[in-house]
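K.L.:
First the structure, then my questions, so here it is.
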Amino acid sequence: MSEPKNKRQKREDYRAALRANGVTELPRKKFYRQRAHANPFSDHSLIYPPTPEQMDWASLYPHYAVEEPIEQKTEATESEETTGQELSAPAIRKLTKNVEVADIGCGFGGLLIALAPVLPETLVLGLEIRVSVTQFVEDRIKALRVQNEEQKLYRNIAVLRANTMKFMPNFFNKGQLNKIFICFPDPHFKARKHKQRIVSTTLNSEYAYVLRPGGIVYTITDVPDLHEWMVGHFNAHPAFERVSEEEQEADPLVEIMRNETEEGKKVTRHNGQKHVALFRRLEDPQWPEEVSA
């Protein structure tokens with residue numbers, strides 16, 4: 001008599017069976033459970049491109065890929081230069097448009113799924129550091145694409161396992177994004193762990209780099225202290241200004257952000273309060289003209 005399978009083996013068997021036949025049914029979340037928090041400073045053995053131009057976006061958004069791949073030239077090492085050799089990186093298929101919206105720490109993908117039909121002409125990317133959670137969102141998107149093939153829905157969203165605290169500029173060019181969502185991030189309550197918060201002076205500079213002028217950072221949390229932290233850090237950054245409450249409430253994406261994430265729904269069930277703040281990327285200041293000698 002065989003021994004009963006442990007929980008991990010059951011999860012692995014379920015995922016393998018789901019993918020073996022092609023993901024056509026929505027995945028069950030209980031087979032993708034993982035601890036809620038991950039240390040962003042740990043070595044997660046992540047794969048990331050050296051530059052945004054070397055990112056294989058076509059694997060995530062195949063319906064937006066151009067027909068012909070483009071060969072990438074790599075810089076030769078000193079020994080290669082002396083022998084006259086020229087290296088070519090593997091050909092990469094480019095997209096007809098760039099990713100313009102990023103959901104940092106997308107969790108189980110609730111916001112991504114909700115944004116897909118609302119922003120049908122925009123490529124939206126979810127970034128998630130946890131392995132199992134990323135796999136769940138991948139399978140969820142694959143199933144939704146199959147189930148809505150005739151309507152051509154959910155082709156504009158994808159998920160990527162990534163650590164944005166370390167590698168965000170590796171994926172996005174300067175001014176590429178027009179929206180960044182930071183929804184219910186880990187509050188890291190202990191003072192010694194505040195350095196792990198996804199909003200900080202340094203990270204805000206990276207958000208300013210990848211956001212185009214006029215772009216918006218959307219933040220939401222149910223933790224008042226974290227809300228004040230995020231507001232304080234964005235207000236203190238010279239590249240951002242807070243969006244007025246009137247403009248904030250007129251933005252239809254704010255209501256989606258409040259109600260469509262898994263964390264947001266949990267807060268609603270527990271009658272919690274959600275704190276929202278939006279910040280606009282300002283134009284870069286003009287450099288002073290050089291004084292002629």
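Using N, Cα and C of the backbone, Cβ positions are placed for all residues, glycine too.
What TrEMBL says about a protein is an automatic prediction, not a curated fact.
Bear in mind that the values here come from a model prediction, so they are computed numbers and not experimental data.
Under the heading active site, TrEMBL lists Asp186. According to TrEMBL, the feature S-adenosyl-L-methionine binding site maps to Gly105, Glu128, Ile129, Asn163, Thr164, Cys183, Thr261, Glu262, Glu263.
Walk me through where these features lie, including what they touch and how far apart they are.
P.N.:
In this view, Gly105 (S-adenosyl-L-methionine binding site) is surrounded by 22 other Cβ atoms within 10 Å of its Cβ, with every protein chain counted.
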K.L.:
If you measure from the CA of Asp186 (active site) out to 10 Å, which binding-site residues from the list Gly105, Ile129, Thr164, Thr261, Glu263 are inside that radius?
P.N.:
Gly105
K.L.:
Ile129, Thr164, Asp186, Glu263: which of these recorded positions has the sparsest Cβ neighbourhood within 10 Å?
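P.N.:
Counting other Cβ atoms within 10 Å of each of the recorded positions Ile129, Thr164, Asp186, Glu263 gives the minimum at Asp186.
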K.L.:
Can you tell me how spread out the S-adenosyl-L-methionine site is, meaning the largest CA to CA distance among Gly105, Glu128, Ile129, Asn163, Thr164, Cys183, Thr261, Glu262, Glu263, in Å?
P.N.:
20
